[in-house]
Amino acid sequence: RLYPLHTLSVTNIPNSSRGKTSARSSTIPTPEGLQSRRCKLLEEDSPIVQAGKRQRQRYVTKVGKCQVNLGNIQDKKRFLSDIFTTIVDLKYRWFLFVFMMCYIITWVVFGFIYFIDAWVRGDIAHQGDPEWQACIENVDSFVSALLLSVESQRTIGYGTRMVTANCTEGVILLMAQSIVGSMIDAMMVGCMFVKISRPKKRAQTLIFSKNCVISRRDEKLCLMFRVGDLRESHMVDAKIRAKLIKSRQTAEGEFIPLEQSELNLGYDTGEDRLFLVEPQIICHVINRRSPFWDMSAESLRREQFEIIIILEGIVEATGNHCLAAGMTCQARTSYTEDEILWGYRFEPCMSLEKGAFQVDYSRFEMTFEVQTPAVSAKEQHELKELEQQEHSTLSLYWDHLLQPCALPGP
């Protein structure tokens with residue numbers, strides 16, 4: 001009674017921020033904590049749940065954003081050990097803030113040190129004295145020391161403020177600021193270049209069909225969806241794969257939420273590697289190894305799962321086709337069970353016009369209904385085997401009837 005027969009997926013996990021759960025309590029004695037987790041993950045398969053399936057939480061959104069928030073991370077020092085990736089992964093407003101603060105803090109710190117050095121050596125008190133050998137010339141306040149720091153680090157050099165050879169610490173300080181400034185320039189410029197050149201936005205021009213369809217192709221029941229590339233600069237070495245996200249209960253009673261299983265999109269035949277020049281229909285053959293083997297059109301509406309589609313490829317380099325100059329791009333989308341159309345097929349969106357193939361993306365999402373049995377692939381396979389067996393039996397029967405009777409000898 002604790003586990004319903006209908007296995008639920010991530011979409012039935014309640015939102016912790018709302019603090020609402022519809023799980024029923026169980027009378028089976030279980031350890032504290034484990035029972036509460038199971039009650040949060042499991043909900044009764046009622047019509048109310050079925051009616052609210054369209055408002056449930058997705059694991060991956062249609063635009064490819066993963067709806068998973070990481071919390072209670074104890075060892076946050078790991079992020080500082082990989083400071084380059086941490087800075088690159090920041091949002092642009094925080095990235096620009098870090099970018100500016102690195103330079104501003106350096107200028108202020110070295111400007112303060114210049115001011116303290118000039119004040120201790122008496123350069124500020126002897127301003128205008130022609131006989132005084134100053135260590136730092138024309139520095140009479142903190143603002144002028146700050147200007148000296150900016151001019152030294154950015155190699156501006158207006159010529160009014162400078163470090164002279166009358167003191168050793170001034171020369172060492174200038175060398176230290178030059179080294180630190182070069183290191184900041186290398187890191188910040190590198191982070192800015194990687195941040196701008198990341199192919200994350202390239203995924204916005206890789207589109208997926210809004211729905212999946214299930215129909216017969218080559219006498220096999222197949223699950224199909226369509227992908228396309230809107231740019232004329234194509235993806236190099238594009239590969240596609242699919243994951244099924246579904247919760248299940250093991251034979252030992254263990255509940256596994258968000259279990260990931262692979263959907264074969266032609267890995268063994270190489271069909272998962274795409275030459276994505278025109279929109280292509282990706283096909284998953286529903287066979288014995290498919291999780292949809294014993295799923296019919298009626299049971300599909302009762303199931304709860306999510307199919308994650310991942311398209312990866314190398315962004316074609318500008319002006320050449322060197323793979324070393326490209327960066328890997330990944331586009332994602334997802335399909336839930338209510339976005340799968342049983343008995344439909346995609347309309348063609350390519351035609352031949354004026355000696356070239358023309359792609360009409362206005363027909364990219366269009367589908368049309370075809371005659372498809374509503375039973376599962378397993379039932380269709382068993383029915384086909386039964387028909388073949390009956391046909392074989394009938395052929396043997398007719399062959400026996402048509403066989404001429406043996407005449408008796410003389």
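Yeah, the Cβs are placed from backbone N, Cα and C, and that goes for glycine too.
Sequence annotations record features per position, and here TrEMBL assigns compositional bias 'Polar residues' to 13-29. According to TrEMBL, the feature domain 'Potassium channel inwardly rectifying transmembrane' maps to 60-199. Among the features that TrEMBL reports, domain 'Inward rectifier potassium channel C-terminal' is placed at 206-383. Under the heading region 'Disordered', TrEMBL lists 13-33. According to TrEMBL, the transmembrane segment annotation covers 94-116, 171-194.
Within the chain carrying the transmembrane segment (171-194), a Cβ under 8 angstroms from the stretch's Cβ atoms is held by residues 84, 87-88, 95, 99, 102-103, 106, 110, 113-114, 117, 149, 152-154, 163, 165, all 6 or more beyond its ends. Looking only at the domain 'Inward rectifier potassium channel C-terminal' (206-383), the predicted model's pLDDT averages out at 87. Secondary structure by DSSP for the domain 'Potassium channel inwardly rectifying transmembrane' (60-199): 83 helix, 6 strand, 51 coil.
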